[in-house]
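Here is what TrEMBL records for this protein:
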- Ser286: active site (ACT_SITE)
- Lys329: active site (ACT_SITE)
- 191-380: domain 'Lon proteolytic' (DOMAIN)
Amino acid sequence: MPGKIIQCLKKTKTENPLVLIDEVDKIGRGYQGDPSSALLELLDPEQNVNFLDHYLDVPVDLSKVLFICTANVTDTIPEPLRDRMEMINISGYVAQEKIAIAERYLVPQLRTLCGLTEQKASISSDALALLIKQYCRESGVRNLQKQVEKVFRKVAFSIVSGEQTAVTVTPNNLQDYVGKPIFTVDRMYNETPPGVVMGLAWTAMGGSTLFIETSLRRPLVGADSKGEGSLEVTGQLGDVMKESAKIASTFARTFLMTKQPENHFLVNSHLHLHVPEGATPKDGPSAGCTIVTALLSLAINHPVRQNVAMTGEVSLTGKVLPVGGIKEKTIAARRAGVTCIILPVENKKDFSDLPDYITEGLEVHFVDHYSQIYQIVFPQNQS
């Protein structure tokens, strides 16, 4: 039997079909071979002109075929395979988009699937918004589809059993159908104390707030001691984030000496840095400026300006470098009630591409050096 690609050409009866390879990041090796190696020849425009099908044993020209591959993450795709692709990052849906998809497609489709009519069962827009906020924080709408179907199944059961004749699901009775909320808190601290700063993170589920906590682990080393302070990090951090913490610690020491030469807290102290939700792995350099701010806040014993969140990689000299996921991080900031966000200046274009309903009411600062962040979050400590 011919291979799948040749079968595709035979079925479509054209030499330039669109071939979608879904979840290419899930490809795994087995004793039968490595599928990603077979894709190398298929996706390479220099080689697929003479693609050899082992069943037909004749070369086939696949240069006119348009291949589209989808993936949730790119880290697990082999590097040689990534080199043959053009990467297009697609952001997840925001809450307003999910509500529109649910009202136009999911609710009517699933209501009919469960044998219900609009007169018998309906879900209010407020209930959908609450369902998305507290139960379905994801990039897509797959989990939302499951939850809506769950609601209609229970509604259908209550109608068939004679308990009710018609049901309108509202925020008040939503828990009766989907149970207790999964996500109840958008931020750990309503007011951050000294040593705690709110950052912004980007995961496969979308954006979220990420608090950086710092604390004094052991008493200060004596002035006449030859010992030096240390920094312990916890929170299941990856190698990149650990390196980012070391860079942030070194820069924070240098920066504090320029602002308060008599303050040797960061040099002499044994400090502990923790990123909460320790069961969740975290990695990436985008928390660099947040870590610097947390260390400085602890050193001067003063909280940062409230309702401020930030993201950005920091270099050893204090340069603030661009990061990804600006849309998701901005949405997370709005959801957490943040009024001011600080972004790298090189991400200004990413922010300007966002629709007005995401950016409206936000005070945004674009910075290229950490000294600008210090002026924003510690306005009372300017010298």
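All residue numbers here begin at 1 and follow the chain in the order shown.
Here the Cβ of each residue, glycine as well, is placed from N, Cα and C on the backbone.
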To the nearest whole angstrom, state the Cα distance for the pair Ser286 (active site) and Lys329 (active site).
11
Which ones in the same chain are close to Lys329 (active site), with CB under 8 Å and 6+ residues apart in sequence?
Leu200, Ala201, Trp202, Gly207, Thr311, Ile341
Within 10 angstroms of the C-beta of Ser286 (active site), what count of other C-beta atoms is obtained when all protein chains are considered?
27
Taken over the domain 'Lon proteolytic' (191-380), the model's mean pLDDT:
90
